[in-house]
Every structure is written in C-alpha cells, then in structure tokens.
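Take a look at the structure below.
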Amino acid sequence: MSLTFKLQCHFILIFLGALRGETRYLELREVPEADPFLFFNTDLKRELSEEQLYHRSLRCIDMLSIEGQFTFTAEQPQLHCAAFFIGEPEEIISIQYDLVNIDCQGGDFLKVFDGWILKGEKFPSSQDHPLPMSDRYIDFCENGNIRSFSSSQNVAMIFFRIQEIGNGFTITIKKNPNLFPCNVISQTPSGRFTMVIPHQHRNCSFSIIYPVVIKISDLILGHLNSLQLKKSSVGCGGIGDFVELLGGTGLDPSKMMPFADLCYPFHGPAQMTIGCDNTVVRMVSSGKHVNRVTFEYHQLEPYDLENTNGNSIKEYCFPSL
C-alpha cells in the first residue's frame, strides 16, 4: 500500500470516526456509509454553467463544495445528521432556507454553525473567530425569521434532527467573495496562499488536513530577523505580531502542538515537514501593522523524508503516520 493511499484511507477513517463524536451542541452516534471526498468533484463544477442551478438530494451525512439547491426528506427518523460546506479560501458560504417543514415542538431541529465541528473540536477556534461561540449557532426553531446566513470563512455546516417521515427542508448554497480571507480549511493537499491582516487586531489560521511539507517564502510583520523553534522559555508572545506553525490530530488550532514561531520579517524560503494529521499556519496580529505571510505546501511523500535541505527546520509527528 502506497503512503499516499494509506494517508487518504487514514484520513477517511479519522473523519468518519470524528463524526461519531459528541459535543454540547452536536451528537452524531450513527453514521451511514458515506464518501467524504465526494465534495471534491471538479468535473461537476466544470460541467455546470453559471446560468444553471445544481439540484440534488441531501444525505444525512454530507459534504459539499459546489453551489446549488439541496433538499433533505426523511425516509426514516433521522436523529444525528450533519452537512459540511466548503469553498475556496477566498470565498464565504451563504445558506438560504427555501422551505422548512420540521416539527420543532416535537424535538426536531435545524441549526447552522459558523465553521466546522468534528469530534467536539471547532474550526475556527474560539480564539480565532470574530464572534462569541453563542453567536455562531443559528437555530431555525428559535429564529425562524432568519431565512439566510453567511459564514465568516470558507467553511460552514448545518446539523439537524428530523423524526417524522416525509418532513425535511430545502436550502440554497451560494459562495461570495471574501477580500481578506482569515480562517481557512484547504480543500486540497497542495497549494499556495498569502494571508494578509491589514491593521486588524485578530488571529487567523490556515488549516491543512494532511501531513505536509510547508515552505514559507515571505513574511512581513511590520517590525525587525529571526526564526525560533518553540521552546518552553522561547516564544513570540511578547512581540504581539507573529506566525506560528502548529500540528495535531484534531481540528481546533488552540489544542494543537506549537512547533515553530516566526517572530520577525524575513524573505525565505524556510521549510518544515509536519507529518501530523492536521497542519496549521496561524498568524497573530496586534492591529498595529499590515502583516502578511506567503507559503506553499504539498502532501508529504516518502521522498520528502529522505531529502532535506539547509533551510529545513525539523520534522514532527512521524510516529503517527
């Protein structure tokens, strides 16, 4: 079995296992068979013209990366369902309720979450999201007058319980441009991205749910030239503007292991190999400067473990591969 295929299978198992987890707001105990990678259907994107609106049924556990109208109709009581939506890094997700036929008084619910929840962990974390946690949940049964919702980043989700056969709902998913994307989950295991925070006091995380080799080519922080490995007595917390590289097995950046701090501007490249299930580039900004970081990444391959260069920092998480 190739390393790439092994990693893909490993992630599928992690993903489906995570959906069986519990949180205060979301419980998913029984997950039907589903392929979480169906939402990477680029051929379908090319086939649909801008004038056409894509229609299909929504599954109890579903993942979507395309615009369209989606309908869920319960063929049996469904107690623990969730649909995950993702766009390109420079997009936000718009969800519109076209038709809702559920029994709120009987225990049904339909909720939107601004971000993703997997196995009790949230993205973006509470430290990185501009809204308090309570405002990130929109409950249709409590706010039926709210007929549309726009996410703060390129991911959003709904979770629902429908007990009466024949009941359900129809939603329309659209994507809108985001001029300054902050928190992002990457759809692909490779790519290039520039994160910019223009004079804003906020934190932004770019999450890659694969083991990767990441190369930072440019970092501008508005203040003076060093890259430091994370140690208990060494960090960038006192500087106010910095970038950190994180790795872990979950979704929440605040629960990940910090591996490296980038405290000062530099022109790279600086490369790091992170063999964790999830890798995050996180920028902390004081709002006093225009901060920018440019990086590229690709999924970890066997030859990456053999070939290192003078600009590499260190490798992490390989025992979990």
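Backbone N, Cα and C atoms are what each Cβ position is placed from, and that goes for glycine too.
Caution: TrEMBL annotation is automatic and unverified by curators.
The disulfide entry in TrEMBL for C104 points, among C81, C141, to C141. Within the set C236, C276, the cysteine that TrEMBL bonds to C263 via a disulfide is C236. Separation of the C-alpha atoms of C263 (disulfide bond) and C204 (disulfide bond): 16 Å, rounded to the nearest whole number. The two recorded residues, C276 (disulfide bond) and C81 (disulfide bond), show a Cα separation of 28 Å.
Across the fold, the C-alpha of C182 (disulfide bond) and the C-alpha of C81 (disulfide bond) stand 28 Å from each other.
Neighbour density for C204 (disulfide bond): within 10 A of its CB lie 24 other CB atoms from the protein chains shown. Counting other CB atoms no more than 10 Å from each candidate's CB, the disulfide-bonded residues C104, C276, C317 peak at C276.
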